[in-house]
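Features reported for this protein in Swiss-Prot:
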TRANSMEM  46-69  transmembrane segment
TRANSMEM  135-158  transmembrane segment
TRANSMEM  175-199  transmembrane segment
TRANSMEM  273-291  transmembrane segment
TRANSMEM  330-353  transmembrane segment
TRANSMEM  369-395  transmembrane segment
TRANSMEM  417-439  transmembrane segment
TRANSMEM  517-535  transmembrane segment
BINDING   Cys559, Cys568  [4Fe-4S] cluster binding site
TRANSMEM  575-596  transmembrane segment
TRANSMEM  643-665  transmembrane segment
BINDING   His654  chlorophyll a B1 binding site
BINDING   Met662, Tyr670  chlorophyll a B3 binding site
BINDING   Trp671  phylloquinone binding site
TRANSMEM  707-727  transmembrane segment
Amino acid sequence: MVLRFPKFSQSLAQDPTTRRIWFGIATAHDFESHNEITEERLYQNIFASHFGQLAIIFLWTSGNLFHVAWEGNFESWVQDPLHVRPIAHAIWDPHFGQPAVETFTRGGAVDPVNIAYSGVYQWWYTIGLRTKEDLYTGALFLFLISAISLIAGWLHLQPKWKPNIAWFKNAESRLNHHLAGLFGVSSLAWTGHLVHVAIPASRGEYVRWNNLLDQLPHPQGLGPLFTGQWNLYAQNPDSSSHCFGTSQGAGTAILTFLGGFHPETQSLWLTDIAHHHLAITLLFFVAGHMYRTNFGIGHSLKNLLDAHIPPGGRLGRGHQGLYDTLNNSLHFQLGLALASLGVFTSLVAQHMYSLPSYAFIAQDFTTQAALYAHHQYIAGFIMTGAFAHGAIFFIRDYNPEQNKDNVLARILDHKQAIISHLSWVSLFLGFHTLGLYIHNDVMLAFGTPEKQILIEPIFAQWIQSAHGKTSYGFDVLLSSTNGPAVNAGQHLWLPEWLKAVNDTSNSLFLTIGPGDFLVHHAIALGLHTTTLILVKGALDARGSTLMPDKKEFGYSFPCDGPGRGGTCDISAWDAFYLAVFWMLNTIGWVTFYWHWKHLTLWQDNVSQFNESSTYLMGWLRDYLWLNSSQLINGYNPFGMNSLSVWAWMFLFGHLVWATGFMFLISWRGYWQELIETLVWAHERTPLANLIHWRDKPVALSIVQARFVGLAHFSVGYIFTYAAFLIASTSGKFG
């Protein structure tokens, strides 16, 4: 018998319906459920696939470099970063005739092109790249790394090169390798690149392999390092009149602690960034030598965790049993990794605009907006994935005997208190925030705006003041004129920091008022409700009062039949599915807030946000409607403009989003009846009935159809907002 797809599941391969195809795709990456899988093969397959993932990433970044070098305008952009528009790549087949060709021929190009809103130009410029040849060299290097990664992936699937299970479960060696070997060494390498290539380039010196050993990054070379006079590396930094990319106003320091921003580029000082990476290097080198491996020195993680028993007895057996639970569960490890990465990605979004590290990126408003929204959406998907794998851990990997009375078991014991508290917080935030907004709307509608309830965020303002913002008049900590912290930091980073914090033209510590207070609590509502759904899904994954035997049904099940009412929509997968809608809504509010606040800042019109953000109609009218008006009129009978493609994407995104509801509202029976009618028509239509199918067409399962609906909702939602964000920002600022 010829083996049919999927080869990993014999029962599915013999399924006579189209379920074979769709369910085969759905479970292709659920290695644990495949026939003939062993724990060792599972680890080996995942390990090898990591190299494939790296190959894809390196090929993608190589492609970015190659296309900008080939079709971009990097060299002319370098000459005038604030006025030349960076080109991402050419448009080979501009549709819609001559008007389209003229519209999209920009950035000094002779043919239609796309403008780059990714920030790669600013990144490459900051790290010392200056010519097309630099970009081609980088593209070739990354292409080779991609090929090597592919070979490494293939190699680690060969019998001789497959690591054994003990190698994968050696937690201490893995920690040391990742901390010191990956994070530590790569941070040191990056410090080296900044010191030897990027900082000299910012001072007008072009350093490459052919002159690397001739051009000393610091006049005194390695002398201060070996004589212990490290402070010499911080002396004579770039002056405030430094012209980036030239020797005008340049200093000689390579590792500084200046604080604040370079006046011309509005980005962090490169010498501060190099210092930061060197400090991280040292931290990770220390961390990478803390765990016991070959020489019997350092911590044993198992002993460390087993010793964590709080003496008061209020946490039972503390962390006992956690080592084996964690080390033997890939889902637990993945859940922790995703939770960490999700938080980190959101922090990246927050820091990229408030403390920009790339030269001139702060003045490229569309790029700033695009990068913020991009990283926040990615963070949302990663965070929901963390809870999904946490739930799968509880269903597939959790052993109650192994974890008796430890912190994990006690979380399960207290789940009803945890879930009900999250519910209470969500209800409180929702009713009060919506109540305030609606009250304010009614007051505006009745022509009495002075009767709005406007609450100043005094605690947040106090925190900003403690960090040095003086406009609120709190006179506390760093905003105090004569405190110990102020006096201690006067000769270090403080003067530049205080200048940056109190500069109204950047995004560091924006001035906040009643509108910010309200939207902050709306976002808090979204975050807490998303968390409630995710936490409930994970903690109830093994069973609940309603369905104590839930774990026997697995991660995703639609219902337990008609004889057991109330068991629909309560699988852990359903919780993940519901949470994604809340996650998308929450990040919608986050990005609306960020974007509107910044649009008014960039247009020097902050009073619009301050006055209109305190009621819902203000958001709908002065943010959404006002900024989408160009999109709604993006193409018309009189021709087209550079926003037309975004206008089309805005429309198309809405259509994809709306298609999602078709799958979310109509269930399996409707589609099965429709399919059977189409089959009847097919069999009776001449010519068409010459084609026969091997798999009997059947409707998707309830869970699969929900996933299709969710995918359309998510993709359409993001497409719609991406088009709105880029068009409304670039339409105003170019």
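Backbone N, Cα and C atoms are what each Cβ position is placed from, and that goes for glycine too.
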Same-chain residues near the transmembrane segment (517-535), Cβ under 8 Å, at least 6 residues beyond its ends:
384, 387, 418-419, 422-423, 425-426, 429-430, 432-433, 436-437, 455-457, 460, 575-576, 578-579, 582-583, 585-586, 589-590, 592-593, 613-614
What count of other C-beta atoms do you get within 10 angstroms of the C-beta of His654 (chlorophyll a B1 binding site), across all chains shown?
15
Intrachain residues whose Cβ lies under 8 Å of the transmembrane segment (135-158), provided they are six or more past its termini:
44-45, 47-52, 54-56, 58-59, 61-63, 65-66, 68-69, 74, 124, 129
About how far apart, in whole Å, are the alpha carbons (Cα) of Met662 (chlorophyll a B3 binding site) and Trp671 (phylloquinone binding site)?
11
Mark yes when the transmembrane segment (707-727) and the transmembrane segment (369-395) have three or more Cβ pairs under 8 Å (sequence separation 6 or more) and no when they do not.
yes
Considering only the recorded stretches 175-199, 273-291, 330-353, 417-439, 707-727, state which has the highest number of Cβ pairs under 8 Å to the transmembrane segment (643-665).
707-727
Listed in sequence order, residues with CB under 8 A of Tyr670 (chlorophyll a B3 binding site) and six or more positions away:
none
Tally every other Cβ atom lying within 10 Å of the Cβ atom of Cys568 ([4Fe-4S] cluster binding site).
15
The residue listed as 'phylloquinone binding site' versus Cys568 ([4Fe-4S] cluster binding site) - Cα distance in angstrom:
19
Cα-to-Cα gap, His654 (chlorophyll a B1 binding site) vs Trp671 (phylloquinone binding site), nearest whole Å:
23
Quick one: find which recorded stretch in 46-69, 273-291, 330-353 has the most Cβ pairs under 8 Å with the transmembrane segment (175-199).
273-291
Under 8 Å between C-beta atoms and at least six residues away from its ends: which parts of the chain pack against the transmembrane segment (330-353)?
42-43, 46, 362, 368, 371-372, 374-376, 378-380, 382-383, 385-387, 389-390, 392-393, 396-397, 507, 594, 598
